[in-house]
Amino acid sequence: MFALSARHALRRTRIFAIPRFFADSRQDSDNPDKRYSGPAATMDNKSEKVTVNKEELRKRLTPVQYQVTQEAGTERPFTGCYNKHYEKGVYQCIVCHQDLFSSETKYDSGCGWPAFNDVLDKGKVTLHRDASIPGGNILLLIAHPERIRTEVRCARCNAHMGHVFEDGPKPTRKRYCINSASIEFVNADPATSSPPVATPTAAPIAQQ
């Protein structure tokens, strides 16, 4: 009888916890003080909060870039232009041009998205619990709360980058799974730079 009561208590705890996880995953994206769309020339490369003008951003970004960075979308696997891109340089946020990742930490994880085992500086990204569910299966999340993912955003403009997982290589054991649509590459040697090639794709899907 006691075991049965404990089981019911655990079930109720999980159910009531889910709305809190959803609220946590949304609260920062609704903050208007974290938005930016102005030209890169007016910005330095520090993680200072900036304001995003959504209308100007729609004009500057492609539909896929906008959906990924502003609506937390996800490009289809193996379609991003940086998935198999290994030139030496730095990957910046496509929205505010802050340096986020280095080619030195990029590796082929086989997941279909650009993968890095570290960021240039921990202060340049923010991490958030992501309770969004591929396919909308909330019962799956209730049964397996450990599947709640960790979302990665740009600390300066709050743009969605992707997610980070604990299955990467040493020494960090991290896998920053990043959308190509959320970043742009700056070559260490512009003279040897070649444009990345992207596979044509439809609209992003909310799955990563």
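If you go along the chain as it appears here, the first residue is 1 and each next one adds 1.
Quick reminder: no glycine exception, Cβ is built from N, Cα and C everywhere.
Looking at 49-68, 149-168, 189-208, the stretch flagged in Swiss-Prot as region 'Disordered' turns out to be 189-208. You'll find the Cα of Cys157 (Zn(2+) binding site) roughly 26 Å from the Cα of Cys111 (disulfide bond). By the criterion of other Cβ atoms within 10 Å of the residue's own Cβ, the least surrounded of the binding-site residues Cys96, Cys154 is Cys96. Between the alpha carbons (Cα) of Cys111 (disulfide bond) and Cys154 (Zn(2+) binding site) lies a span of roughly 22 Å. A distance of 19 Å separates the Cα atom of Cys96 (Zn(2+) binding site) from that of Cys177 (disulfide bond). According to DSSP, Cys154 (Zn(2+) binding site) sits within a strand segment. If you take the Cα of Cys93 (Zn(2+) binding site) and the Cα of Cys177 (disulfide bond), they are about 14 angstrom apart, rounded to a whole number.
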